[in-house]
Amino acid sequence: MSDLATIEPATDDILIADRPETAELLDSPPEQVRPSVAFRNKWGKLPPFPRPWRHPLRAIGWIIRTLFGLVSLTLLLAVVAAVPILNFIALGYLLEAEGRVARTGKLRRSLPLLNLAPRIGTIALGIWICLLPLRFIGSMTSDAAIIDPGSAIDGRMRALALIAWAVLTVHICLALARGGSPSCFLRPIRNFRWLRSRLRDGDYFAVAATNIRQFVRRLRIRHHFWLGLRGFVGAFLWLLPPTILYAAVDRSDPGPIIISVLGGLGLVIVFGWVPFLQAHFAATERIGAFRELKTVRTLFRYAPLSWLLALVLVYALALPLYLFKVALPPQDAMWGITLVFLVSIFPARMVTGWAYAQAVRRAREDRPAHWTFRWGARLAAVPLLAAYVFILYFTQFIGAHGKGVLYEHHAFLLPWPAFLSLGS
C-alpha cells in the first residue's frame, strides 16, 4: 500500500491550503473599500437549492439561474478553447473538474466556476445588448456614406456614431466597475450617479480596481492555464512515441507496416492507462503523477469494473468527434466545433474521475476486487481498445490534417480539432 501514499484522500474541501494559488487567496488580506460598493462575495457562491414545496418561485429561479450559468460557462469555454494558447485554460478547467470528482467522488463537485458563471453570462449579455444601438447607428452611418458621401447627413451620422461610441464605452466600463450585475447594464443614469459619488469621495479607481481584480482572481485563470499545460505535456509524452510508430506507414513496404503494427500495440497499452494517469495528475496536481504507473495499476485492482466503464465512455465519445475534423470551419467559427468537443469530452472525464475516486476509497478500505473481475475487465478492455486503435488509423484519410489527426488525441489533449497540422 506504500504506492498509494501520495494520493490525496477524498475530501469535501475544494480549496487546499497547501496549494500556492489557494494560499494566495487565503493569505491575502481583504482590501478595504466601502461596504456599499465592495465586491460582494456572495456572487462567488452558488446558493443552496430551495425546497420546492415551500418556496416554489425561489426554486424555479434557482433552476433558471443555474441553467443560465451552465450555458454561459459552456459557451465561454468553447470560445476559449477555439483560441490557440488560451485553449490550455479550457483543458485546465476540464482537469480541474476531473480532479474535484477524483478527490471527492461526488459528481456535483464537477463544475468549478459554476458559481461565477451566471455573472459571466450576464456581463456578456449586457455588453451585447449595449452594443445593439451602436451597431444600428453604425449601419445607418455606412448607408449614408454609400448613398451620399461627404454630405451633411453623412457628417451628422459620423458624429452621432462617435458620440454613441463614447457614451456606450463609458457606460460599459462603469457597469463593469460596479460589478456587472443586470441592473448595472440596464440603469445607465445610476451608473453616472455612482461615478459622481466615487469621484467626490476620491476612491473611484480603488473601488473599480478592487471589484475587477477580485472577480478575475476568482476565475483562477493562471491556475487553470498552468494545470492544463502540465496535463497536456504529461499525456502528450505518453502518447507521442507509439503515435510516431503508428503513423510510420507511408507505403506498402513490410518494414513500415511492422513498425506501424508495433505502434498500434503500443497505443492499445497506452490508451488503457493514460486516462487514469491524467486523472491521477488531476487529483494530485503533480506533474510527477504521470510517472506513477505502478500506483495507477495498483488502483485498478480495487475498482476494475468502474475503470472499464470509464474506458468505454472515453473512447465511445471521442471517436465520433473525428468526423468534425473532415472539414474545419474558419478560425472565427471554430468555437462551434469546440463546443461539441467540450460537451462530448466532459462527461467522460467526470466518469474517469469518479472511477478513480472509487478505486482510492476501496484502496483505503483495503478491499480489492475479486480476481475474476480484474481479469474480466482486462480481457474486455483489450478488444475495445484494439478496435478504437484500428478505426483511428483510418481517420488520417478523412481528416483535414492528414496524419496530423493521429497526433491530436482530443480525448486527452486540447479540446480543439486543429492542434497539429503535419500534412499528409
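Every residue gets a Cβ built from N, Cα and C, even glycine.
Listed in TrEMBL:
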TRANSMEM  62-95  transmembrane segment
TRANSMEM  116-137  transmembrane segment
TRANSMEM  157-177  transmembrane segment
TRANSMEM  227-249  transmembrane segment
TRANSMEM  255-278  transmembrane segment
TRANSMEM  299-323  transmembrane segment
TRANSMEM  335-357  transmembrane segment
TRANSMEM  377-398  transmembrane segment
Do at least three C-beta pairs under 8 angstroms join the transmembrane segment (255-278) to the transmembrane segment (377-398), pairs 6 or more apart in sequence? yes
For the transmembrane segment (299-323), distant same-chain residues with Cβ under 8 A (at least six beyond the ends): 4, 7, 271-272, 275-276, 280, 340-341, 344-345, 347-348, 351-352, 354-356, 358-360, 362-363, 367-369, 373-374, 376-378, 380-381, 384-385, 388, 391-392, 395, 398-399, 405, 410-411, 417
Which range out of 157-177, 227-249, 335-357 gives the transmembrane segment (377-398) the most CB pairs under 8 Å? 227-249
